[in-house]
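Engineer: Quick one: structure below, then a few questions.
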């Protein structure tokens, strides 16, 4: 049975239950299926290597952070054909996130609203999960580790949390993503301001250089940014990335705008909106970044990819790689192969 047919059969059941409950059923089931060899029939994308941030990605279609916050399902996700897997966001200490319900489907818009709030088991448990994965142990592919700050850490001390996480995850990452753009942690997006960003990037770069010397291995750092910005702020961020010699930028996170989903059930729920409604906003940010960065810094495009054509549009806007999340929920794992085929050089 093809992965497309299997997901077509499973989706009505998954969509009949709470989104977070469906998530909590699907990932353990995938892990068990992978352990039993049941995912071996999934046809993987053609080898289509891209070198980005000094890393060779086997194909340009990655998994975005957020699906596997604790790095507990890496081996199962690795069977779906991604060119990279990004897990997290992880914070220094475990935290429960926001109260439930905190995830809502908007199927008429191919969208999701979430206000999860960086729920995770903390950096030590995260690292233990990563280290125990066969994907990491056997160096099977590209693994991105996404870091954030605890909800109860004052925004003035946010840098401390990022430095703690960077120190812990650095030895195990192919690259590290610094998430300063979730709308679900109070004041987090303030870190995208000019002075706050300068202070953060300066200390991250200093720590990266020290850790590179310590571990005899350079691990690139990418910054994940929001779609809800004016051109001037995007330009300011791009200039800061160049000034501090960062390695990449991921555009974009979820949006707080509700323009595209007005009138739909759950549209007024607080949180970040992902899926089709963020597609154009993300592309606008990517184009603005590309205009500022040129070829000096690579862009990873994420936001609203639900087809191979969508993936092509991200690359046309200026991205070097793409990532999926919400599209997987609506289209299933067949989307990975479809996007990879559309981007095959």
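Just so you know, glycine gets a Cβ as well, placed from its N, Cα and C.
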Engineer: Pick from 114, 129, 179, 187: which one does Swiss-Prot list with 65, 66, 67, 68, 69, 89, 146, 224, 252, 275, 304, 325, 326 for the same FMN site?
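Structural biologist: Candidate in the recorded FMN site: 179.
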Engineer: Other than its own, how many Cβ atoms are within 10 Å of the Cβ belonging to residue 275 (FMN binding site)?
Structural biologist: 27
Engineer: List the Cα distance (Å, whole number) between residue 253 (substrate binding site) and residue 224 (FMN binding site).
Structural biologist: 7
Engineer: Run through the Cβ atoms and count how many others sit within 10 Å of the one on residue 224 (FMN binding site).
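Structural biologist: So the number of other Cβ atoms within 10 Å of residue 224 (FMN binding site) is 26.
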Engineer: Quick one: which residues besides 69, 114, 115, 116, 117, 118, 179, 184, 253, 254 have a Cβ within 8 Å of the substrate site's Cβ centroid, in sequence order?
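Structural biologist: So the additional residues around the site are 66, 89, 97, 182, 183, 185, 271, 272.
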Engineer: Hey, of 67, 182, 224, 275, which of those recorded positions are within 10 Å of residue 115 (substrate binding site), Cα to Cα?
Structural biologist: 182
Engineer: Give me the Cα-Cα distance between residue 146 (FMN binding site) and residue 179 (substrate binding site), rounded to a whole Å.
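Structural biologist: Answer for this pair: 7 Å between alpha carbons.
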Engineer: Could you check the binding-site residues 65, 67 and say which one's CB has the most other CB atoms within 10 Å?
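Structural biologist: Per the Cβ count, the most surrounded site is 65.
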